[in-house]
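What follows is a set of notes on a single structure, which appears directly below.
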Ligand code: GLU
């Protein structure tokens, strides 16, 4: 579907203002009204000149606009991310962090940026303990304590400086415009707001922004964020140092240290100890990607501090010895579930911030280790969780070593985008503020929410006798599950993808990859396929379509235990077709469906 993003973005705002129920001021009259609909969404698009896929049509259109104006995949990724900061403010934005994976067409190499949030320099392993006991998770989420130094602005800056063609100011323009003119509230936005309503009410700056007139925004109304438009304009003009050393940095520090809670509220909001020095010393880090060979393809991912690359990589190595293309659906799911279980057991024991932990990244990705783990899988029985980890440095024959510990809890919300350009560059970028709505705390007058990423640390070891590589520490990055992935064949891109969903990100990426590469599904169908997620727990989560299918009974007869999860992940991806066209793909249904677009549409998928 071809469309002018500029027209549609503003169009949507204008027209929705017409049907608005008064939550928003009318949009600028400079934009003519043509149609009463918000931007159309399609989960798949094919063509030339580049591609963008995200959960949101306005954001995808922002990326396409930048590609049309001569930007490359990196510029488009930052433009899309910034727009998501407006339209998906509960998942993404200046107040969060993320991981950026980039394929450079000229050098045929994959590079990455670790833009994870960091703990304050004063943090130690007791960060989330009170009187020796772990804090209640919900109390920790809505607090200054959980806010890490944002990594997203530094990620954008590093990516643009290193590989982009446009300035930050240029790529922030579409997002600035959407923030100023407004975007149309959809069902997902309203229900995410409703899920947060109680805590949002307790913070006047958050309430003003997301509960206009004190009410939940109506579907079809226009939500504007003039504060964020100003912030983007300022950051574009002054550079991201504004957020690390400028007045904006001061505002962030003040907000974290003294969360601006309504004096009338009886909510206890613990302050954080983030300082100006913490912000000043933040660095987005360039890291070597993870890489595994899977059936002749090179699969690149994100190295620790994310556990995404090592865990997806290990599971692929485990699965490689089975011909999944010939397996029945039940056999395929059985193998996929067991490989995930094993890889999560190893992730829990070995992966944390490599600046603090001696993470055996290379050995976790070794085929020898995977083979020593794969042999645990039986066709007629199910492994018991929690499964003990293996030792990747001493991959003995067919065994687990050490003590089993359950996987610690992680929140689930973020957003993933994928871009490609006319030169053949590709970006897979997952960014987050952690929970839906992050800490719930908006920086007053700045228009964005602060993350609660530090709750991705283990509050305490799941078992005190088992070393936990993910306890808080000074300046430490909490372990992530974010798994932006790029697949190459002989140095040329084949596909790229990623997903939100906390620890389920890993299983979503793994299942989508095998769905596409082994089961022969078109990318958009591999993304849409009903999901299962096993993370070294007694029960494997199933989405309704699998829960209600006869496959469940077949798998239960092997010993599998299941529980229902209404929705897992929200993936997006791009694929390079053999004829040189790009195919962009997104969700058909989840989160109300995603938005895939290409610069010059051509033919059918
Ligand atoms: N904080 C999570 C992580 O880094 C991401 C949240 C989500 O994707 O839903 O693993």
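Just so it is clear, glycine is given a Cβ too, placed from its N, Cα and C backbone atoms.
Marked as region 'Disordered' by TrEMBL: 386-410 (among others).
Through the fold, the region 'Disordered' (461-482) approaches residues 98-99, 114, 116-128, 148, 278, 281, 302, 304-308, 311, 348-353, 355-357, 359, 402-408, 410, 414, 430, 432, 453-455, 498, 501-506 of its own chain, all at least 6 residues removed from its boundaries and within a Cβ separation under 8 Å. According to TrEMBL, the feature region 'Disordered' maps to 461-482 (among others).
As annotated by TrEMBL, signal peptide applies to 1-23.
Break the region 'Disordered' (386-410) down by DSSP state and the numbers are 0 helix, 0 strand, 25 coil. Per DSSP, the region 'Disordered' (461-482) is made up of 0 helix, 1 strand, 21 coil.
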